[in-house]
Amino acid sequence: MMRSLAHFINKALEILCISILALMSILVFLNVVLRYGFNSGISITEEISRYLFIWLAFLGAVLAFNENQHVSVTVLVNKLPPFGQAILKFITDMMMLICCYLIIEGSWIQFQLNLNNFAPISGLPQGLTYFASVIAGILVSAILITRLISTIFFIFRGEVK
């Protein structure tokens with residue numbers, strides 16, 4: 001059940017990222033054609049593309065984190081025995097969970113502060129850019145919590161992956 005929910009969320013994020021990238025590409029291409037071909041443009045596309053890019057970066061980071069595609073230095077980890085690797089994984093996941101809390105807290109404050117500041121052309125609240133990091137922080141925290149539970153389970157059962 002939990003694995004299928006995680007798979008569903010992962011697929012939904014992939015589809016959302018693909019959709020955001022496609023929409024961004026269309027908006028930017030349309031604006032370039034209008035500017036250079038017809039000497040006019042749609043000014044709102046720049047703001048919307050910026051907002052979409054921010055959301056794409058944060059949601060893409062969640063996808064990369066979920067699939068262990070982020071950069072990591074494993075020189076020390078690979079030399080440890082499996083139990084030591086599990087302990088180190090637990091410690092690093094706990095530290096990342098603390099960082100996620102700080103990101104969520106700071107981004108939530110910025111979201112609230114900037115909710116009444118509006119973009120000049122589109123009129124969208126500028127707090128939406130900070131809300132992307134809140135959502136990303138929550139999703140990464142959920143991934144970390146499931147990893148921590150799995151690591152604890154394997155450490156205490158003596159079955160270390």
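Any Cβ shown, glycine's included, is placed from N, Cα and C.
Residues or ranges marked as transmembrane segment in Swiss-Prot: 13-33 (among others). Long-range contacts of the transmembrane segment (13-33) within its own chain (CB-CB distance under 8 A, at least 6 residues past either end) are made by residues 41-42, 45-46, 48-49, 52-53, 55-56, 59-60, 62-63, 139.
Residues 6, 10, 13-14, 16-17, 20-21, 23-24, 27, 119, 122, 124, 128-129, 132-133, 135-136, 139-140, 143 of the same chain, all 6+ positions outside the transmembrane segment (51-71), place their C-beta atoms under 8 angstroms from a C-beta of that stretch. The transmembrane segment annotation in Swiss-Prot covers 51-71 (among others) and rests on sequence analysis.
Beyond the ends of the transmembrane segment (86-106), by six or more residues, the same chain brings 76-77, 80, 133-134, 136-138, 140-141, 144-145, 147-148, 151-152, 154-155, 160-161 to within a C-beta distance below 8 angstroms of the stretch. Residues or ranges marked as transmembrane segment by Swiss-Prot on the basis of sequence analysis: 86-106 (among others).
Taken from Swiss-Prot, the feature transmembrane segment applies to 135-155 (among others), supported by sequence analysis.
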